[in-house]
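Before any comments, here is the structure.
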């Protein structure tokens with residue numbers, strides 16, 4: 001295929017797609033140029049069905065440092081494992097694409113998005129999502145797209161599609177919405193306590209823009225799209241299915257209807273093991289043994305799936321007996337751990353999260369160096385999900401994509417209510433340890449995080465709570481579920497997480513397994529989530545109604561002092577000599593920013609106070625009118641130099657020693673004398689003139705003495721004064 005170029009204008013920027021020039025051996029590839037961002041999306045598919053019981057889709061988003069004109073850090077000077085932002089972007093693209101493959105599709109599919117050039121004002125992640133959908137759509141891979149995604153900002157009462165970097169900073173909303181032409185199928189958002197109405201309108205505005213991008217994709221697909229390949233889908237034997245359903249459906253239904261999770265799991269597993277053993281024995285020598293046993297497992301899964309959905313849609317009963325809008329029993333506790341800076345334990349049914357707060361000096365902030373300009377990240381929320389939380393064994397090691405994603409969701413939800421850096425100059429880390437899980441563990445971590453922050457004395461604007469909403473839909477009728485548990489998440493159609501305060505929403509995340517949901521469902525889910533959120537906040541506020549006024553005794557105390565920008569170098573000293581000496585003497589930690597804000601951290605308040613005194617004396621400036629107890633340090637013919645404080649001296653001119661004429665300075669003063677002086681002048685070079693006589697009562701004057709004084713002033717006037725100043729400079 002020869003190179004073909006397709007162009008349009010989207011959200012005020014040129015969007016160009018090039019097909020047929022690069023990555024021609026992939027099943028499908030698209031080079032997307034949006035503004036000055038360039039992303040190559042390439043899709044490939046395995047030739048055979050995989051043997052696993054899931055769809056092996058892998059979406060990668062690769063940030064090349066050269067794309068932003070940056071050199072890789074580290075010893076190897078080469079890109080390594082994906083950054084957290086790259087991992088989150090890959091998840092963002094995966095989520096709207098995954099539901100668009102047929103049920104039973106098991107061929108491995110891989111989509112690689114490589115950022116080749118980066119423009120902060122033209123969203124590379126959205127270009128990658130567009131390119132991923134297009135690469136799959138024009139290929140022979142049986143993808144039921146296209147899909148597209150956009151970012152939405154909200155500022156000055158207006159919605160902005162794919163905002164610039166500056167618009168994002170000013171926005172009250174950071175929303176990514178994706179979907180098909182017909183419906184929304186993925187949402188990810190952080191917001192500054194916005195109402196449900198504003199959020200819903202943002203979703204609808206975003207979907208309008210999504211449809212515009214899909215229309216552009218359809219134009220390209222019509223021109224260059226390949227015929228879709230015929231692939232084998234995982235389908236069970238109809239006769240075998242009828243036999244197993246007829247014999248064992250009643251037993252499985254009875255097991256599924258047990259309300260307590262562990263007992264239900266044991267009973268359900270017992271039925272499955274009995275059926276599996278029967279067919280294993282019957283077909284042990286059969287030539288299609290493996291296929292038959294795979295079908296048996298799939299049929300049992302489908303039976304359980306059908307019964308859970310039937311209970312909810314027909315009987316209006318959930319597996320644990322709750323109403324559709326009922327939350328599981330709640331419990332909240334603070335100060336669960338000693339010694340730490342703050343802790344909160346939150347339990348919702350059989351889901352439990354422990355959140356632990358740590359405060360640190362701003363020097364411990366995380367440096368984020370991606371394709372954007374390097375910046376310091378003050379707040380971190382980390383989420384850990386050990387396998388024991390669900391009573392299983394499994395991989396134990398570095399966090400995976402799911403844990404990174406859940407941590408980021410909690411971070412967005414809680415970041416909106418944190419105090420400003422000026423009001424609370426600490427680095428803040430929350431770690432959520434999921435101790436039990438039966439659904440909605442990410443939202444439990446948000447609630448536990450709120451408890452830990454308030455217990456630790458972090459002055460958050462308001463407590464935040466989170467809830468997960470679910471959906472069971474048969475295409476015509478639907479039921480929205482509040483506080484979904486694991487079974488409802490696994491067999492349901494939607495996982496819609498909503499976090500916020502009483503004032504509004506701070507975070508959203510939606511994943512679905514069907515092709516999309518309507519605005520009506522979104523509106524109903526948001527309203528139901530608000531009611532549930534308020535119930536949870538009632539429980540949290542009964543335990544701790546407001547943040548504590550003091551930090552934990554183990555937390556580092558902090559005080560601040562501000563110096564002029566041109567004084568920063570004095571505090572730091574040559575090669576850091578001065579600040580190192582202060583730290584060694586007092587044992588504190590010190591952070592200085594470029595605006596002259598100095599934060600001093602220590603568990604010892606006396607050490608903080610001593611440090612403030614030292615810094616204040618280093619940057620202290622004499623001001624006209626101030627009075628000092630000074631010491632004479634040098635005698636000259638034209639006056640005496642006196643030491644005011646630290647490295648600051650002043651000149652007391654011979655004419656400023658007394659009201660009567662002084663013939664010789666040595667007649668009145670000697671080195672080491674203690675004198676009281678008043679600052680009378682500070683010139684633009686920082687040279688200080690002081691006076692002793694200004695603090696003495698002025699004697700009455702005769703006409704003769706007035707003439708003598710006038711002559712004395714003239715005698716000590718400009719020439720000698722200037723000469724004296726030259727010596728002073730030296």
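Glycine is no exception: its Cβ is also placed from the backbone N, Cα and C atoms.
The feature Mg(2+) binding site is assigned by Swiss-Prot to 489, 495, with sequence analysis given as support. DSSP classifies residue 489 (Mg(2+) binding site) as helix under the three-state reduction. Long-range Cβ contacts of residue 489 (Mg(2+) binding site) within its own chain (separation 6+, distance under 8 Å): 439, 440, 468, 470, 495.
Annotation source Swiss-Prot lists domain 'S1 motif' at 625-693.
For 691-730, the entry in Swiss-Prot reads region 'Disordered'.
The feature compositional bias 'Basic and acidic residues' is assigned by Swiss-Prot to 700-730.
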- request: Looking only at the domain 'S1 motif' (625-693), report the model's average pLDDT.
  value: 92
- line: residue 495 (Mg(2+) binding site) falls, by three-state DSSP, under strand
- prompt: CB neighbours of residue 495 (Mg(2+) binding site) within 10 A?
  reply: 21
